[in-house]
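Some features that Swiss-Prot has for this protein:
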- H170, D171, H174, E186: Zn(2+) binding site (BINDING)
Amino acid sequence: MMQRCWRLTVPLAKRGLAVVTHTRQAVVSDNPEAENLDGFEQQYLKERIEITTFQRMLLGAGSSIAAILDPRRHDMIACLGETTGEDALWNIMDTMHESEEGQRIMVEKPRIHTSTIDFKRLESLPADTFGAAYVKFLKDNKVTPDSRMAVRFLEDPKLAYLMTRYRECHDLIHTVLDMPTNMLGEVAVKWVEALNTGLPMCYGGAVFGAVRLRPKQRRAYLKHYLPWALENGKQMKPLMPVYWEERWEQNVNELRAELGIKLLNKV
């Protein structure tokens with residue numbers, strides 16, 4: 001049965017992607033408000049893929065099934081986030097405007113990848129700083145900030161930036177939570193992100209990711225990781241308005257205390 005679903009789902013998702021590809025077009029030149037857009041927004045409007053409501057539903061359904069069957073399909077997970085997350089992103093936008101830090105992020109639109117971050121400087125920082133902890137996380141888990149997929153299906157360029165920001169900050173959230181990138185760590189982080197951002201894809205990743213845990217992992221998850229994630233997700237401050245790039249030199253434990261984060265006592 002699972003194989004049959006997979007044979008139906010993958011073509012469905014691919015068909016949805018194929019259907020919308022031909023509608024890609026540059027809209028900036030014909031938009032009278034384009035001159036008020038910043039560089040990120042103008043570039044996004046040139047590269048976005050415009051889709052209809054039906055196509056959005058098709059992509060949402062296909063990508064959700066594909067992501068459930070194979071959580072390693074990051075392309076399907078990314079697609080799911082964009083086709084289901086618009087309402088949550090508008091709520092995040094409101095949160096961004098409630099703080100000076102969040103407002104500056106929306107104006108400056110910083111990016112996190114190897115061409116924008118001086119990783120050599122971060123490596124030289126004291127071990128107890130957030131920047132040093134981030135570099136250590138990347139090395140220990142063999143991940144890179146350059147692996148995030150570009151946003152393509154959101155209509156509003158400001159929401160597209162918020163989704164981009166969420167993706168690029170994912171490893172920073174792992175760092176501040178002191179969670180690895182194994183399945184157990186990812187599920188725990190997804191619960192925190194779900195409660196903190198309200199993004200449907202985070203709830204989906206948390207629920208369906210937990211189903212794939214091995215028996216020993218599931219016991220640890222139910223006894224320790226899930227209660228910890230739910231507590232943190234409910235009590236911590238919003239993470240999206242944090243200007244992480246300005247916190248590199250901050251003591252990582254002081255940053256956690258500021259955000260209301262309690263670390264899990266590893267067992």
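Using N, Cα and C of the backbone, Cβ positions are placed for all residues, glycine too.
Given the structure is predicted, the values throughout are model-derived calculations rather than measurements.
What surrounds the Zn(2+) site, by Cβ distance within 8 Å of the Cβ centroid and not counting H170, D171, H174, E186, is the set V143, L172, I173, M179, T181, G185, V189 from the same chain. Annotation for H170 (Zn(2+) binding site): same-chain Cβ neighbours under 8 Å, separated by at least 6 residues, are R148, V189, E193. Under the DSSP three-state reduction, H170 (Zn(2+) binding site) is assigned to helix.
In sequence order, F137, N141, P180, T181, G185, V189 are the residues of the chain that are 6 or more apart from H174 (Zn(2+) binding site) and have a CB within less than 8 Å of its CB. Ranking the binding-site residues D171, E186 by the number of CB atoms within 10 A of their own CB puts D171 at the top.
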